[in-house]
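Structure first, then comments.
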Amino acid sequence: MTPVSSAYQASLRLAVAPMMDWTDTHCRVFHRVLAPHARLYTEMVHANAVVLGDRARLLGFDPVEHPVALQLGGSEPQVLAQAARIGADWGYDEINLNCGCPSDRVQAGRFGACLMKEPALVADCVAAMAAAADVPVTVKCRLGVDDEHDYDRFRAFIDTVAAAGCRTFVVHARNAWLQGLSPKENREVPPLRYEWAWRLKRERPDLQVTVNGGIASLEQAQAQLQHTDGVMLGRAAYHDPYLLHRLDVALYGGTLRGRGELLRALRPYVEAQLARGVALKHIVRHVLGLFHGRPGGRAFRQILSEGAHRAGAGWALVEQALQATEAGPVAASG
Ligand SMILES: Cc1cc2nc3c(=O)[nH]c(=O)nc-3n(C[C@H](O)[C@H](O)[C@H](O)COP(=O)(O)O)c2cc1C
């Protein structure tokens, strides 16, 4: 493996979670403006799709996204190895294996969270991926599946996979229930047990442990970082993206920029995409939460979500939405 960049090393402290349908390239470019140092993740892509599918569509990303990790789904070592090599050649800084997704579709394909039950297979996958790709191969997992609550078993999973060449684990600190819960419920119902991630870090100090699940404020993130190497935020980062900016400044330094200034920094990207024929709605759907809880936040969201669907919608609409947040207190109260 070639040595990792200092930017990648620094990004181990803060990450935005892989989220299907959400963390596409437009979303990641926006998050990069907000959080210059964070590690960004793609949506999960199945290894077969990477090997056989339209790579430009599945893997294409903007250079500003670095450091960016490609998350793969799958459970066939050789296919995952091919996909990992393709991802590394494509320029991804990290290849991550999904061992946490509980959906039925994923279970039918024997990947995602059900892999927690097959540590030896995950180890084979990781070993094959690490041999094929010259970037770090990491794993995102849960604490266990169903009603299995056994820390030693969780640590044995980690140890088996670490021995195969994985040094960084993202731990979504709850179980996945493979029966009876939707993926959404599986992100809410099984209780969070951060102590397991903390204990793992204490007992395996050489591993990089990133904790994920339910972290929704600067204070919570900072508290987690007393015990782990990194935090990964998913829903909170998406719905309240300014939190990402505050986190980046708190963890890495720099000056807080205003929401409007940050969004305007995205203008060259938006205009370049529009010129390529990308519709505005595909980009601005990710920025709707920027003024979450702020005066004019509802109007901002409404102007963008209604107007971006219209033919010919362009940057002027974004300015119009921003004006709703910059108006005086009376006009902005909606
Ligand atoms: C819409 C959505 C899609 C998701 N897709 C993925 C995915 O593709 N791969 C993955 O490992 N986790 C996925 N997750 C789970 C998140 O990465 C994360 O583990 C989970 O939301 C808990 O973190 P949070 O409480 O900070 O949101 C998804 C979550 C959401 C909300």
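Any Cβ shown, glycine's included, is placed from N, Cα and C.
Unlike curated records, TrEMBL annotations are generated automatically.
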- Task: Write down the one residue from Lys117, Lys140, Lys281 that TrEMBL lists together with Pro18, Met19, Met20, Gln71, His172, Asn212, Gly213, Gly214, Gly234, Arg235 as binding FMN.
- Result: Lys140
- Message: Restricting to the chain of Met20 (FMN binding site) and a gap of 6 or more, list residues whose Cβ falls under 8 Å of its Cβ, or answer none.
- Response: Glu43, Met44
- Message: Among Pro18, Cys101, Lys184, Arg298, Arg301, please name the recorded positions whose Cβ is nearer than 6 Å to ligand 1.
- Response: Pro18, Cys101
- Message: Cβ neighbours within 10 Å, counted over all protein chains: which one of the recorded positions Asn98, Asn212 has the most?
- Response: Asn212
- Spatial neighbours of Gly214 (FMN binding site) among the recorded sites Lys184, Arg187, Arg298, Arg301 [C-alpha, 10 Å]: Arg187
